[in-house]
Amino acid sequence: MTWLPPATCYLFLLLLLGQAPSSRPQSSGSKKLRLVGPANRPEEGRLEVLHQGQWGTVCDDDFALQEATVACRQLGFESALTWAHSAKYGQGEGPIWLDNVRCLGTEETLDQCGSNGWGVSDCRHSEDVGVVCHPQRHRGYHSEKVSNALGPQGRRLEEVRLKPILASAKRHSPVTEGAVEVRYEGHWRQVCDQGWTMNNSRVVCGMLGFPSQVPVNSHYYRKVWSLKMKDPKSRLNSLTKKNSFWIHRVDCLGTEPHLAKCQVQVAPGRGKLRPACPGGMHAVVSCVAGPHFHPQKPKSRRKESRTEQELKVRLRSGAQVGEGRVEVLRNRQWGTVCDHRWNLISASVVCRQLGFGSAREALFGAQLGQGLGPIHLSEVRCRGYERTLSDCLALEGSQNGCQHANDAAVRCNIPDMGFQKQVRLAGGRNPEEGVVEVQVEVNGVSRWGTVCSDHWGLMEAMVTCRQLGLGYANFAIKDTWYWQGTPEAKEVVMSGVRCSGTELALQQCQRHGPVHCSHGPGRFSAGVACMSTAPDLVMNAQLVQETAYLEDRPLSMLYCAHEENCLSKSADHMDWPYGHRRLLRFSSQIYNLGRADFRPKAGRHSWIWHQCHRHYHSIEVFTHYDLLTLNGSKVAEGHKASFCLEDTNCPTGVQRRYACANFGEQGVSVGCWDTYRHDIDCQWVDITDVGPGDYIFQVVVNPTNDVAESDFSNNMLRCRCKYDGQRVWLHNCHTGDSYRPNAELSLEQEQRLRNNLI
């Protein structure tokens, strides 16, 4: 067969698949736009528009900055920097859809501007216009998805799977080795192995959720193939002679997030007249599963700690495994990544570093919640082969004015473990709620049944919703008499379930061997209500540190606080109202950085009225305040009920929705914060019985996890506390996961050694 020049062949194949390289679709607009240019610079390229199912170019006649600005805004960028004439980014293919485009600059989409009309042009492709947009995206632009970049529906490679051939591969879950099959125009085809490379395997494995690939025993698979071809009863013999059975050739760089972004030749160069894959066989790939999906052999603690030290990137606040806000560790402190120039290639480096496949979505604008602390990186530019994000080129996050509203996030491809098919909800008013029914093996037989609600809580419900792909748990329900489950699944098949919250499925949680349920089947089966978004409460560490002070408060002013158990036990034995208590006071400010309002679990009808302070408690224990020794022993404690959970302040443009006045609704809106001043009752720790020394001051929000959050790891705040008997100093205040755990421990050990020396 005669090959065309690479560039011409590439454009022909991409046109056949209805897509173009390194294209950027926009999130909104009546006509789709994209930029065709350098893969690592998604904000610039040849401007193309989709009309009547076909991509075409725009002529540079009369094109200027205001037209480029409209196009960039439609593409999701804030503005345009400049435009390029005379096909600077290469000549396009197909029609020239627009000519003499004239915009005022205020239009929302390019097709709202004036022009000669669709397809009316006297230009050639040597006049194709290009644009260069500002890399910062506006708030309305959400993400770059693989599915958006593959061209019009119906003319693309839709998905990939591995068909296991060996008996051992068929028993393995997930399937990591087998023949590559591609769904093209609604039908599954096998890929010819002629010209197949490890780069191709890397792309396939990435799509299937695997970070890497290994060579296969091609000699053995060729032997198996030859035996099947010699068998006259084998259907494979006749199927392989049809061109519709094959994808003729694939050529990938290895950095593509999807096989359809590679050079793909569906049929031989001369169409159906020549047979596809003559003398070849199906391509076979062997992938390596990441640690989340591959049971590891026990390792020594030394090796485990070394692995943790090397892992300098993590995902936070994602509902599913393999998704979340990207955070990196620098100078022993975790920080976020700015979304300027964030794209699928850089996101895929993060995914593979964490043991997942390639990225299926790169998210912008803090779509998975805002982080705290420093913004370490901005304008990350990866080529796709880097082992870690730190190997990529990037700027310091502080260099271009990034805010946490620009925090980047990612959704990675993960392997199909089959867990989602082992759980279901029944009887609910909508698909997001109902009785939990699980599939387990009972006496060697697979059977559906319910889960006993003994010890059923929010962590178990969170794992269930994650397993179902329904996001976060809103409620963990123990009494489900009002939901009718599936009649054939009434028996309790799982009891004593206890989850840490990180499991992929209920079947991975601890549970009883023989089922033992104190309630029996029926109305006390476990249930859940799931939600797609969740709040995320975080304390303002700096405010706590700056407002701490001591007060000796007379007992005569502490009757109400004593009634609400805000004083140490020794206060019970004092000669009231004579004497005083020494209180460590401070202000607290609690932000909701999540994507849903924080609301009390209990409705207003069940709030508790406290006559002394004359207010309602919507959550009886909203925060814990503790003073600890350096080895973690508690020496003093306090707690705060959410007597007034409200929007104290909100950022500009966000309206306050919750207020406690007049028995109003309580909660904290997204982006707002609730402030408890230092001078209100119970906003303290009673340290009357504590001697001078060095301590750890700790605050935990939502301590019993009564209300679901997208990230519980940042609910704890810790400070170093020095008390000399008359004065107190708080320093080094930070949320619980903002520093590397072993780094914090080393500081504590150092302080403990100093105390021993004294």
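Keep in mind that glycine also has a Cβ here, set from the backbone N, Cα and C atoms.
Out of Cys382, Cys402, the record in TrEMBL bonds Cys392 through a disulfide to Cys382. For the pair Cys113 (disulfide bond) and Cys72 (disulfide bond), the C-alpha distance works out to 14 angstrom. Here the C-alpha separation of Cys338 (disulfide bond) and Cys392 (disulfide bond) works out to 14 Å. The highest tally of CB pairs under 8 A with the domain 'SRCR' (33-134), across 160-288, 313-413, 423-531, is held by 313-413. Break the domain 'SRCR' (33-134) down by DSSP state and the numbers are 16 helix, 34 strand, 52 coil. You'll find the Cα of Cys402 (disulfide bond) roughly 24 Å from the Cα of Cys412 (disulfide bond). The Cβ of Cys123 (disulfide bond) lies under 8 Å from the Cβ of Cys59, Asp60, Asp61, Ile96, Asp99, each on the same chain and at least six residues away in sequence. It is 41 Å from the Cα atom of Cys351 (disulfide bond) to that of Cys103 (disulfide bond). Cα spacing between Cys72 (disulfide bond) and Cys103 (disulfide bond): 13 Å, rounded to the nearest whole number. Cα distances from Cys252 (disulfide bond) to the disulfide-bonded residues Cys103, Cys133, Cys392 are smallest for Cys392. Within the set of disulfide-bonded residues (Cys103, Cys412), the lowest number of other Cβ atoms found within 10 Å of a Cβ is recorded at Cys103.
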